[in-house]
Amino acid sequence: MRYSSTAAAAFAAAALPLAFAQTYSNCNPMNASQFPCTPDVGLDTSSFTSDFTQGSSANTSWSYVAESVNYASDGAEFTIAQRGQAPTIETDFSIFYGKVSVTMKAAKGQGIISSIVLQSDDLDEIDWEFLGGDNANVQTNYFGKGNTTTYDRGLGVAVSTPQDTSHTYTVDWTKESVKWQIDGTTVRTLNYADAVGGANFPQTPMNIRLGIWAGGDPDNSYWTIVWAGGNTTYSAEAGMPWTMLVEKVEITNYNPAEGYNYTDTSGSSDSIKLLGDYTAPTMTGAAAGNTGAAGIGAGAHSGDSSAAATSTATPADSATGSSPDASYTGVPVPAGTSTPSSANGSGSGSGSGSSDSPSATSVAAGDSSSSSSSSNSSAEV
């Protein structure tokens, strides 16, 4: 999630307080002064599911980044009830290529942004973003290594009443491509070679972040507010409280491991070493609970170990060529890490690019004629 204007510095400075919960890095392994970083906790099963309609017991392996989330029979409620709130959760693990599907309804409200974010330590990123003032479209976006020299990666796609109707939004991420899908239909494809020859292609382990924030907050920059759809008025007359409702999250990890370690500062896929003695199971079983990452932010807590996940064999065509290190016995998580407000964290503002790439591939949700051609020109930087 980045901003949709060339005024990048102003965006980051202005929106950081509300967006920081969704886009930050505690240790950027491409930063020589921070390298080496603690290995990322990995998802050591192929599949993981959180069914939030089952209540807070489904919160296993998620941590609160900002504000709490309410659990009801229809799912997890991310609600802004007053100015300054930006309820956000993130997984306590990362995946290394995989598929992430979120079934949800976006929040209403002028300037209110609902978001699904995959992000890595070195600020690779893949996004879905919903504007509260637009009940007919959703924005897709990506970043490589936090590169914000241009804001032409964002692409809006049509979707039927995302604030009133539950849809399943999927990111299918492999070494070769990123596909954004709505209810099983591919609406955008980014091929590796078309992201500056792969230099800007997301390719390092990412965790998953779900949240809502006010892009239209009066303290944000002019261009942030314009992108978000206008100023947010915090009043009952304006529709507050605003709620994003998440029913279910389904995650497939194409390279399961206990951890992922950056072996150099290149930020390349080849620099990632899989840790642990993971063997892909062929049976269905309950996933382990929180693998050790600490809860984050005010009100953070460990997840309930009663949530279940399903394990299946790892897709052979998604292997990275890096075998798990069998000598690894666990991902060390030093006390105090995973805190968004840490002074050592590398943060960035939130928001999507608004300029569509000329060669973008986009079809309306439900259109079965989706294309596999690249959605981004190789001229992008």
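For all residues, glycine too, the Cβ spot is worked out from N, Cα and C.
Please treat TrEMBL annotations as automatic predictions, because they have not gone through curation.
What TrEMBL says about this protein:
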| type | residues | note |
| --- | --- | --- |
| SIGNAL | 1-21 | signal peptide |
| DOMAIN | 22-236 | domain 'GH16' |
| DISULFID | Cys27-Cys37 | disulfide bond |
| ACT_SITE | Glu125 | active site, nucleophile |
| ACT_SITE | Glu129 | active site, proton donor |
| REGION | 298-381 | region 'Disordered' |
| COMPBIAS | 301-323 | compositional bias 'Low complexity' |
| COMPBIAS | 335-345 | compositional bias 'Low complexity' |
| COMPBIAS | 353-381 | compositional bias 'Low complexity' |
Looking only at Cβ atoms, how many others are within 10 Å of the one on Cys27 (disulfide bond)?
20
If I take every residue in the domain 'GH16' (22-236) and average their pLDDT values, what number comes out?
94
On the three-state reduction of DSSP, what should I expect for Glu129 (active site, proton donor)?
strand
Around the Cβ of Glu129 (active site, proton donor), the count of other Cβ atoms that are within 10 Å:
26
Give the distance between the Cα atoms of the residue listed as 'active site, proton donor' and Cys37 (disulfide bond), rounded to the nearest whole Å.
29
